[in-house]
Structure formats: C-alpha cells, structure tokens
Amino acid sequence: MGQVLPVFAHCKEAPSTASSTPDSTEGGNDDSDFRELHTAREFSEDEEEETTSQDWGTPRELTFSYIAFDGVVGSGGRRDSVVRRPRPQGRSVSEPRDPPQQSGLGDSLESIPSLSQSPEPGRRGDPDPVPPAERPLEELRLRLDQLGWVVRSAGSGEDSATSSSTPLENEEPDGLEASEAGEETNLELRLAQSLHLQLEVLTPQLSPSSGTPQAHTPSPQRSQDSNSGPDDEPLLNVVEEHWRLLEQEPITAQCLDSTDQSEFMLEPLLLVADLLYWKDTRTSGAVFTGLMASLLCLLHFSIVSVAAHLALLGLCATISLRVYRKVLQAVHRGDGTNPFQAYLDMDLTLTREQTERLSQQIASHVVSTATQLRHFFLVEDLVDSLKLALLFYILTFVGAIFNGLTLVILGVVALFTVPLLYRQHQAQIDQYVGLVTNQLSHIKAKIRAKIPGTGTLAPTASVSGSKAKAE
C-alpha cells in the first residue's frame, strides 16, 4: 500500500447523518451526496468503475478519516480522483457539469504541510527519530533542503487556496490551519537560515597546531544549540572568540617567552637608566658620591689598600648594627633579630633557564668580540683596520696628558650629567651632532678616494654626504 494521508477533516467535525453518510444499500441514487467530488476531472465510465472497485469497495468506507492509495493507482491519476463516487445511471449526457471545485480542495489539502507528500522518505510533521545533534553534516544539509521544499510547497498551496472559486462549507477551518502552517513554515525557514549560517561558521575551522582550515563536523552540543533559532548569535561569538584565542595561543606563548627574556635582560638596564636620569635623587646622589670617592681614593692610593679599607668600613657598619640589636635584646627592648634578615632571605639562586640564558649571552659576547678583533687585526677590511689604527694613535696623545683613572672619573661625571643635559637641550644637540657627522663623512670620503682600491666607494660616500647636508 502507498502512503496514508489524513483527509476530509470536515467529516470529523460534522455528525454522521444520512445525507452525509449514505447507506450501502442506496448505492449511487442520491445526487446530492458528494456532488463536488465527482466533477473535478472528466474520466470515462470504465475508469471510474475500475477505480471505485479497486480502492473503495463500498461507499460506507468514505466515513473513515484515512484513505489508502495504491501505488499503481496513485501514480496513474490525481489524488482527488479517487474520492469521487460513481455518477448515477439516470444522469443525462447533455446535463451541464458543475464547475470544477475539487481542484481547489485538493490544492488546499496539498498546501497543508502536514498533508502534503514529501519527496523525502518521511513527512515533515513526523517527529525526527534521530536528534539533529547525532546526524552528520550531510544529513543536516539534507534537512535544510527538505525545509526549503516545504516552504515552496506551502507558498504554492496558499496561492491555489486563494484562487478557488467555490469553497466548501467548512473551508474556513482549513484556511486557519493553512495560515498556522504557513506561520510554522516561515519559522522553519528562519530556523533553516540560521542553521545554515551556523554550519558555515562552525565548519571551516582552523587547526590550532598547523593554522590551516580543516573540515569539522559540529559536536552534538553545538548542533543542539543551533536548533534554538537566531537568538544563538552570542554563542557563535563565543565560539569564534574561543577559536581565535586557540589560534593565537602558540604566538602568545612565544611572546611570553620572549617577554621573559627581554625583562631578564632589560631589568638591570632600567635600573641604570633610573640612576643616570636621577629619577630618585637620593639613590642617584648616593651612588654618584660613592663612585667619585672610590675613584679619588684610587688616585692617591693603591687599588689593594683602597679595596681593603672599603671592606673594613662595610664590615664595621654591619657589625655595629648587629651588636646594637643584641644589646637591645639584652635589656629587653628588642627581639634581637638580624637587621639584615630581609636581605638574607632573598633568593639569589638562578634557575636552569636563567643560567642557560646568561651563559648564552656571555658566550655570544665573547664570540662577537673575538670576531671583531680578528676582523680588525687580521686586516679583513683595510678601511676598518686604518680606522682602528687612527683611534689608537689619538689615544697615545690622550694617555700622555690624562691618567686612566682620570678618564674613568670624567666618564662617570659624563654619565651622570650628559643624559640630563641632552633631555633639556635635545634639539640644539641634535643639530650640532648632524653637522659633525657631515664633516666626518666628507673627511672619510676624501680618505677613501686617496686610498688605492677604494676609489669606487668615494662617489657613493660623496652622494650620501651631499644628501645629509641638504637635509
């Protein structure tokens, strides 16, 4: 047997009477019974008798709410042609036929989504035995196509229902059902659109490890959330944010690692910068005074005697504080704790990572220094070697005038004064520095022009010098 469809809803509402449900003994003598049903299409008497004998059996079976369609008969004619009763034998051929009204009934019945045949194996009204969360992605796309077909069939059914000329007496309830079904289909259309958008969002995802897009079947929880309607946009935003964070996680870890290294390297430099810029006046003043006193002592005494005296001074200060705390404890005015306990509790050990970083830094500095010395003294570049020779020649005159400690003292004074002066007079200093660099570039160009083998470099140097002067 074919598919079973519920029709004739008006038969359930109206009571079964002799006029609506004819007796089996009366046969087809009553012309008023189902007058509209047998005038939809023209069929021959043989087709009508054959259809009636195969499908109906007796006219009393019209009172049932379900009609069984045979697969052979259903494929041969329309659905509404089966429900007609045979015409009475006494009807003349010349009698005019009523206008075809059953077509409007059939179309209105087809317009109801619960009564229309679906091209898919199951009807739309039937509950889905498998939850959408457990379906694969292809089955969800098939469901979207089915919803689109239902919307199109509902729209065609509404057009045919409005175009019918002679409605039945209980066509108004069918129209209400059709309108309700139309609202349901509109809701399902919006649901299908939102589901399509969520599938497009969730399907092309990036792999956190490789960063390439991969096809991904939505998880059950995501599929269940996608069926709740367009109000799940915050969920999509959360999912997108989650995957965005997963994509940035390796980069973030790398940045954190590099940040740790930079902090480990820049922390001493920041302390030195604070001292040189006199951010804390007391600390910078104390450091500057201590350095100048030590250097001045080294001018008159040997380095060994200066180091020994400084060490004794420090020990006298610390021992005096320690004895003072013990005396306070003896007279019951203190707890006798070490005044330097906070410094003693400081962890000065280096972790394995810090040790490796320090060793790598020291090794890199040693290797770079050795490479530079080899470059200068083994004359890898003649110009660079000549520059170094000129620098040492100038230092011979400086050494004849100044002592080494004097140069160190001048350097310390410059370190604690030049940064402040440069901050206050930055524009003027930059202007004078630019003039000096231009003069030096001209001098270098002249020297390179006179040295054999380096004449080709002179035009480029002169061009760069002219550009700098123009600026």
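Glycine too: its Cβ is placed from the backbone N, Cα and C atoms.
If you compare Ser223, Ser228 in Swiss-Prot, the phosphoserine annotation sits on Ser228.
Here the candidates are Ser92, Ser226, and Swiss-Prot annotates Ser226 as phosphoserine. Swiss-Prot marks one residue of Ser20, Ser44, Ser160 as phosphoserine, namely Ser44.
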